[in-house]
Amino acid sequence: MRIENLLKHGLVKYEEVDQLQREIWAAVRDGIQDHTLLVAQFEPTYTAGRNTHEVDLLNKELPVIRTDRAGSLTWHGPGQLVIYPLVKLREPVDLIAYIRAVEAAVVDAVRDTWDVPVETIKGRAGVWMRYRDAGGRTAVQRGVGQDRKLCAIGLKVVQATTLHGLALNINPDFSNAFTGIIPCGLADAGVTSLFEEGAYPAMNQAAAVITGQLAKKLQPLLATGTS
């Protein structure tokens, strides 16, 4: 698994990385380049996925980039780690298995490395900190409280080759991040970060841990004859 790490360039423009991911995607699809994990930290940017509803944009003056990934509105910027797996999957493609593998990579990395008890939620993509009261009841069971999303996932698969990926909150400034939108279109949920949950990794350390788990979890799903 090849790692294309753009963190050394600091904050990068979303549009430039989007162009790069499509160039890599084409090379991976055609067998010219190995499976690649593209790692970046964006300049402050709002993006809207294919499932975005206008009501999710609370501030209509915000500049929003329309994308072809799944999901709704989200924010990218300083303190958030973005990783795009650009890999060719075995056919017939099992999209659900691919999504679950990406989620499992983040869950295992965060739990094993930083001891933060994240989990997935049925019917909601991404990696979460569940709300539970003193009796262990969840927000859904109680009808109050909010689950908090740590890692958003928005993917696309074309010609058995993947685009887009995950956005993991390390230490974004929540006084600016995600303002003016309903993140991921989920009005009943919040957002969180590793720093807010008591873990304090450097961006490069987090990237190394997550990419390591992604390479491990995705391997069984990859097309044969590639690495």
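Backbone N, Cα and C define each Cβ position, glycine as well.
Taken from TrEMBL, the feature active site, acyl-thioester intermediate covers Cys184.
According to its DSSP assignment, Leu166 (substrate binding site) is in a strand. Cβ neighbours within 10 Å of Leu166 (substrate binding site), excluding its own Cβ and spanning all shown chains: 23. Residues annotated as substrate binding site in TrEMBL: Arg69, Ala70, Gly71, Ser72, Leu73, Thr74, Trp75, His76, Ala152, Ile153, Gly154, Gly165, Leu166, Ala167.
Under the heading domain 'BPL/LPL catalytic', TrEMBL lists 31-222.
Look at Lys149 (site 'Lowers pKa of active site Cys'): DSSP puts it in a strand. The site 'Lowers pKa of active site Cys' feature in TrEMBL is assigned to Lys149.
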Winner by Cβ contact number (other Cβ atoms within 10 Å) across the recorded positions Arg69, Lys149: Lys149
Other CB atoms within 10 A, centred on Trp75 (substrate binding site): 24
Cβ neighbours of Leu73 (substrate binding site) where a neighbour is any other Cβ within 10 Å: 24
For Leu73 (substrate binding site), the three-state class that DSSP assigns: strand
